[in-house]
Amino acid sequence: MSSHYEAPIREPLVLGDKTYHDISVDVAAPVLGKANKSWWIVFTIALVAFLWGLGCIIYTVSTGIGVWGLNKTIGWAWDITNFVWWVGIGHAGTLISAVLLLFRQKWRMAVNRSAEAMTIFAVVQAGLFPIIHMGRPWLAYWVLPIPNQFGSLWVNFNSPLLWDVFAISTYLSISLVFWWTGLLPDFAMIRDRTQSPFQKKIYGILSFGWSGRVKDWQRFEEVSLVLAGLATPLVLSVHTIVSFDFATSVVPGWHSTIYPPYFVAGAIFSGFAMVQTLLIIMRKVSHLESYITVLHIEYMNKVILLTGGIVTVAYAIEFFIGWYSGVPYENYTYLSFGAATGPYWWAFWALITCNFIVPLTLWVKSLRRNIMWTFIVALIINIGMWFERFDIIVVNISKDRLTSSWTMFQPTFVDIGTFIGTIGFFFVLFLLYARTFPVIAQAEVKTIMKSSGEAFKRLRAQHGDDHSHVQHVEQYPADAGPASNVEKHFDSTFDEATPEALNIDDVDYEQNKGRIEMLLNSVGTFEPSLQKQDNLQKINGIGPVLEQKLHQIGIFTFDQISRMTDREYELVEEIISEFPGSPKRDDWAGQALTLKNKN
Amino acid sequence: MAATKIYAIYKDDDLLMQAVKQTRSANYHISEVFTPFPVHGLDHAVGIAPTRIAITAFLYGLVGLSVAVAMMNFMMIQDWPQNIGGKPSFTFYQNMPAFIPIMFELTVFFAGHLMVITFYMRSKLWPFKKAENPDPRTTDDHFLMEVDAENHDLEMLTKFLYDTGASEISLIEKEEDH
């Protein structure tokens, strides 16, 4: 059908000859499989960092904020730096899922799930800092406009800090429902694929009983579209409001009208850098190279280039206006000659190098498509964006209007430990997510398969744009006949095929005698008088035809299949002509082992 | 009363679309379709009405905006007016520029959450709800069309569905639930 047409000049977004079923298998694999050693190592490191940070937070709360390195001049430092850094990172997810949905960018589908997960986990980290900074976090509910015992003294709706409370909590909760709504069909897929009753139960609850009715899908698409429309201005408003924390003050360097758009661009810049950092690792570990391709990485690099460019222009304007104003205080702001040559010169140059100079390399196409280099640049941008917030907060107030109070900031181990702890907490959440959630929005990826899948693009190139896109994949070979599950009382009068006549070629026993003996020697023979035969079709990848052929060879039980190794797989494939399965990919032996143990 | 249905399973979305159109033009009634992903234009082909959920979102947004205005007017202007940084608090109108961010946030908050809750309620989605897709493969790569078989010659209907490209056809006696 021509409705799947996509300009041939566009590179495919799904590589390889994937079928819909392959997508399900690939996305469910990390959830249904077991964690490997490197996952446990990284998880342990993250957990230790998290616990260390938790200790620092407990120490802060029980002793007081005096344990931080704050002084009379610098009353805001790492806490707010880390808060803004984490909120900024949390901007890529909703940008990908909302803004790119409105722009109908198909490449978002491979990355949106993880980017949204990252968003939610990053905003959780961000929210920790203001709460710790309160000193008495058990009174955190005071930021809410609720009637109270102080004569109903209300919260101050004129304050940008209160706007932050509303913006961040709205952002967190809307991102969460957006994410979860998109997850329902994918949880349902795992629910229907898993063999384990425990997983079936859990994913049944998580999927909210999603059934995939046509009306559900219609509402689902409408809800996604409206949520995207709501989340797009929301994501822009959140960092705008964060920037108001500074822009509405009277501190030189903070009091700047350019802050809202500049902060938003910076947030997207750092968010995409974090997405790159996470996904470049995840696509390797979870074997998702066919879905998160070099093209996706290049697209994200282009967003980084654009937003990085906006940030650079904003730096230049800040620098110029500070100088042009002729106000002496402006010469000590974070983007000024004074800052570049003063005691915080290293922070200034870290900002310029990491956010301006290094990302410039992405203008080169070969570097933009180089995965290793992208990873390095993404890490550098993460560092650079942390320095940007550090510079804005600490450098700007380190030299205030009173020369006698000029000072530097020295972090204590608690400052550092808390920051590292939030990084650990973030990775703990993300690693757990990567093992238990469908990390790619598989239902959405299936919708772009025929327009953007490599195999279908090739098909159109070879046979023209009007070529039929009906997939002919032999997954359940029963479709040689009308149906394998036609009920018994229903007599079919089809001439060409009845369920019994599946047009199966019998296995040529004489020719394969040696191979069959070899096979049965290693997997064992079936004794009808002692053993019961198993329903081999329970194994994923074995359909009625294949089952029949296996029976002809003499394989009837899970026990026999569970003893198969690569050598036996090869034998089976040699014996059975026109072999319609892939025992190794589907891991027959592993599946059979689980099924056998359940019997 | 039990209803007789036929489940026809297709293995491709284009095939399903074609089959839905053929089945409808042959005057058979399609009572439900289960698909693993949103098939573009299927709702139109099956003939279901457009969803009104976007309208509810707009109304919920208006509710959120009203709540924000009423709340801030009461708290900052009526109940306990204060001089905060010289910002005028005599009337709501004068103080309003400072209220814009929260008016926006609450509009989005109400519209987004209440719309999603409406969606979950209307589509009967909630924790511990049992899934109702008749075949587990419909969340993977199979497409199931449920056709009313009452008052039809079963053999003709089955032959017809088979000709539309169904790979599996089964007859179901179903307890009527609506």
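Placement of Cβ uses the backbone N, Cα and C atoms for every residue, glycine included.
Database features (TrEMBL):
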- A:39-63: transmembrane segment (TRANSMEM)
- A:83-103: transmembrane segment (TRANSMEM)
- A:115-135: transmembrane segment (TRANSMEM)
- A:161-183: transmembrane segment (TRANSMEM)
- A:223-242: transmembrane segment (TRANSMEM)
- A:262-282: transmembrane segment (TRANSMEM)
- A:303-324: transmembrane segment (TRANSMEM)
- A:344-364: transmembrane segment (TRANSMEM)
- A:371-388: transmembrane segment (TRANSMEM)
- A:408-433: transmembrane segment (TRANSMEM)
- Would you kindly list the residues that approach the transmembrane segment (A:223-242) from elsewhere in its chain, counting only those six or more residues past its ends and only Cβ-Cβ distances under 8 Å? 84, 87-88, 91, 94-95, 97-99, 101-102, 160, 163-164, 167-168, 170-171, 174-175, 177-178, 181-182, 260-261, 263-264, 266-267
- Task: Determine which residues of the chain contact the transmembrane segment (A:344-364) at the Cβ level, with the cut-off under 8 Å and only residues 6 or more beyond its ends counted.
- Result: 269, 301-302, 304-305, 308, 311-312, 315, 334-335, 373-374, 377, 380-381, 383-385, 387-388, 390-391, 394-395, 398, 408
- Please work out which recorded stretch in A:39-63, A:115-135, A:161-183, A:303-324, A:408-433 has the most C-beta pairs separated by under 8 angstroms from the transmembrane segment (A:371-388)? A:303-324
- Message: Using a threshold of three or more Cβ pairs below 8 Å, and leaving out pairs closer than 6 in sequence, do the transmembrane segment (A:262-282) and the transmembrane segment (A:115-135) count as in contact?
- Response: yes
- Query: Mind checking which residues reach the transmembrane segment (A:408-433)? Cβ under 8 Å, same chain, six or more beyond either end.
  - Reply: 39, 42-43, 45-57, 59-60, 67-71, 74, 77-79, 82, 86, 114, 117-118, 121-122, 124-125, 128-129, 132, 278, 343-344, 394, 398, 439
- Note on the structure: Long-range CB partners for the transmembrane segment (A:83-103) (under 8 A, at least six residues beyond its ends), listed in sequence order, are 111-112, 115-120, 122-123, 125-126, 129-130, 168, 171, 175, 178-179, 182, 224-225, 227-229, 231-232, 234-235, 238-239, 242, 263-264, 266-268, 270-272, 274-275, 382, 385-386, 389, 393, 422, 426
